[in-house]
């Protein structure tokens, strides 16, 4: 998440940047995978966090990338965007399987970089360059929480995979966009290690100052008071920061669910052919055609 000209950031390649909000200082804001390849978005209920993710999906859907959804609220947030998703999982068990596949893909892509003697996806020749993958996690706490001892092994696999991806996957074009209400040590082992790798930060209205500190104190401590004072009657307002220490107050434009669904359908042809994601490809509901004029002509009444 970075501001455009006027906020001190350098230009990014257009193919990897998309409009995601409005900067309070310049009126322009763009998020970019190459500038902030791993990101964390925090916010309380009704803070605008879901609207922010909608805008991310709307922008990313128009780019040549694979979109992967992890929505453990049974898909209520992301299932509608299935026409543009290469993969969607809605339970922690399936999330563990999907993340394991992504780690295996990461290792395979590193082998590809090694064979070509380069260190970054974008240094590869275009004809062999893999498609970037963006993983959108709707509520990260659901991946950390366990209800019984038998869930501990699954949690360990999920957390280990997320940390490995966050630490290394930028170079091979796998990116994480993680959302949650809180994200700190109270989630358990591995949470703070993962958070440290998610260098792009966006914090909406939160329920306590500690949550704002979780999201901003390690990258832009001066932004914590601004995030703590976002009022309830300003949903969509947030503070965006990055490791440079710079930050800006932003406002996510209101975007309807139907608008994002329409964009996902329009750009469904951009879904790349990635066999490793095929087992997780969501079922796309048929589009219901709009009702047309009635073909039944009324008959005149006669006595």
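Glycine too: its Cβ is placed from the backbone N, Cα and C atoms.
Residues or ranges marked as ATP binding site in Swiss-Prot: 43, 44, 45, 46, 47, 48, 49, 50. Taken from Swiss-Prot, the feature domain 'FtsK' applies to 26-213, supported by sequence analysis.
Look at the binding-site residues 46, 49 and count other Cβ atoms within 10 Å of each Cβ; 46 has the fewest. In terms of local Cβ density within 10 Å, 43 ranks first among the binding-site residues 43, 48. With a 10 A radius on its CB, residue 44 (ATP binding site) counts 18 other CB atoms from all the protein chains.
If you average pLDDT over the domain 'FtsK' (26-213) in this model, you get 90. Other than the site residues 43, 44, 45, 46, 47, 48, 49, 50, same-chain residues with C-beta atoms no more than 8 angstroms from the centre of those residues' C-beta atoms, the ATP site, are 51, 181, 204, 205, 235.
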